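Have a look at the structure below, then the notes.
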Amino acid sequence: MTPVQAQAVMFLFILGTAILNVPVIITALAKQGAWLSVLLAALVGWLAPLMVFTLCQKHQGRSLIEVCLSVLGPYAGALLGAGYVLYAVHLGVLVANDVGMFETMMLQPETPLWAFHLLLLLVAVCAYRLGPEVLGRFSQMLLLIVIVVIALTFLLLIGKLHPENLLPVLGGGWRRIVAGAYPAVGFPFLETVIVTGWILPRVEETARFLLRMAVAYFLGTGFLVLVMLFTLMVFGAEWTAHLTYPLYALAQQAGISDVIERIEALTLIAWIACVQIKLIVCFAFALDGLRTLLRLPDARLFSIPLAVAMIIFAETIVPSEVHLTESVNIYWTPYSSLFGVFVPLLLLVVTWIRGMGKKRRKASL
């Protein structure tokens, strides 16, 4: 996978389900300052990819789970590695479930959820079997499409913007901004520990890749901020906080009467493309993690059983959209912090202590 392709994967992963769900979650807490909450959350969440990059560089391009085994040994390392696999599976299940709920609520209410999950995971199985190079090329192609569609949506909304809806920005003070940033730190920014840990061992050139990764990360953040700003300027904070899917509602407002209409269909295609990339990365991370932990030559044999298991979990793990929103608001940030901050920090500290011990032994000789 080339560095540009890796950037495309990172960008699409960040947008993923966040571009549809983050506006309503944050606006309910931060009101007109929701866009500031996104920026604050992104700055805090940058710790996750930064620490994973540092770990993989110190351990000569090994994957995140290989680093766990190398640093903490076969038992504690395997336990943490299994935790990362379960986290990736859990995240993938939520991503698939998000698409299924959107489709049944907004477009095809009579179609069962499992039908959408089956289609998404079938694509994930095929993508994994084709290899990361194919995913990289596919992401690079999708990147241009997504940017053009979102930019077109913004352009067609210019006449409907009301900048006064952004005021007062700090009406509730910084406490409200921090409260809005709290769920966004875990969703989607700390989740990037998965995409970073999966991409790094597969990038052809790692020199200066941290800069490239930062560009993709903050470009994705910029698009989320723009979605927040446009949503607030079109609907206002109170209305946005009560919309189920603000981006879809925003796209329905875009257009030029009798000239350009139904732009939401293109926006929906772009969103599903982002979600599919995020699901594929979670699926691939879990399978590669299993291969490492079980010392298998190839994990493709487990791709279909894992897909079936994820379809079953998606039917039971999230009973409703309300339950999902409550989970994101309360539990997801500390849960993601465990794998995005605390475990990488532990690995870095142990690596540093071991490095200091080696230097002392060499000095004594």
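Cβ coordinates are placed from backbone N, Cα and C, and glycine is handled just like the others.
Unlike curated records, TrEMBL annotations are generated automatically.
Residues annotated as transmembrane segment in TrEMBL: 9-29 (among others).
Residues annotated as transmembrane segment in TrEMBL: 35-55 (among others). Under 8 Å from some Cβ of the transmembrane segment (35-55) lie the Cβ atoms of residues 22, 26, 29, 64, 67, 166, 169, 177-182, 184-185, 188-193, 195-197, 200, 209-210, 213-214, 217-218, 221, 224-225, 228-229, 232, 340-341, 344-345, 347-348, 351, all in the same chain and six or more residues away from its ends.
Under the heading transmembrane segment, TrEMBL lists 67-93 (among others). Beyond its flanks by at least six residues, the transmembrane segment (67-93) meets 55-56, 59, 124, 191, 194, 197, 279, 282-283, 285-286, 289-290, 292-293, 306, 309-310, 313-314, 317-318, 335-336, 338-339, 343, 347, 350-351, 354 of its own chain at Cβ-Cβ distances under 8 Å.
The transmembrane segment annotation in TrEMBL covers 113-130 (among others).
Annotation source TrEMBL lists transmembrane segment at 142-161 (among others).
TrEMBL lists 181-201 (among others) with the feature transmembrane segment. With a threshold of 8 Å between CB atoms, the same-chain residues lying at least 6 positions outside the transmembrane segment (181-201) that come near it are 1, 6, 9-10, 13-14, 16-18, 21-22, 25-26, 29-30, 37-38, 40-42, 44-46, 48-49, 52-53, 56, 61-66, 84, 87-88, 91, 209, 213, 217, 221, 278, 281-282, 284-285, 288, 328-329, 332-337, 339-341, 344.
What TrEMBL lists as transmembrane segment is 213-237 (among others). Sequence-distant contacts of the transmembrane segment (213-237), counting only residues of its own chain at least 6 positions beyond either end whose CB sits under 8 Å from a CB of the stretch, comprise 6-8, 10-15, 18-19, 22-23, 26-27, 31-32, 34-35, 38-39, 42, 46, 49, 53, 150, 154, 157, 160-163, 165-166, 189, 192, 196, 243, 246-247, 249-250, 253.
Long-range neighbours of the transmembrane segment (268-287) within the same chain, counting only residues 6 or more positions beyond its ends whose Cβ lies under 8 Å from a Cβ of the stretch, are 9, 12-13, 15-17, 19-20, 84-85, 88-89, 91-92, 95-96, 98-99, 120-121, 123-125, 127-128, 132, 135, 138-139, 142, 145-146, 149-150, 194-195, 197-198, 247-248, 251, 299-300, 302-303, 306-307, 310. Here TrEMBL flags 268-287 (among others) as transmembrane segment.
Only residues 6 or more beyond the boundaries of the transmembrane segment (299-318), in the same chain, are considered here, and those with a CB under 8 A from a CB of the stretch are 89-90, 92-94, 96-97, 100-101, 113-114, 117-118, 121-122, 124-125, 128-129, 283, 286-288, 290-291, 324, 327. Look at TrEMBL and you will find 299-318 (among others) tagged as transmembrane segment.
Per TrEMBL, transmembrane segment is recorded for 330-353 (among others).
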Recorded stretches the transmembrane segment (9-29) and the transmembrane segment (142-161) touching, at least 3 CB pairs under 8 Å: yes
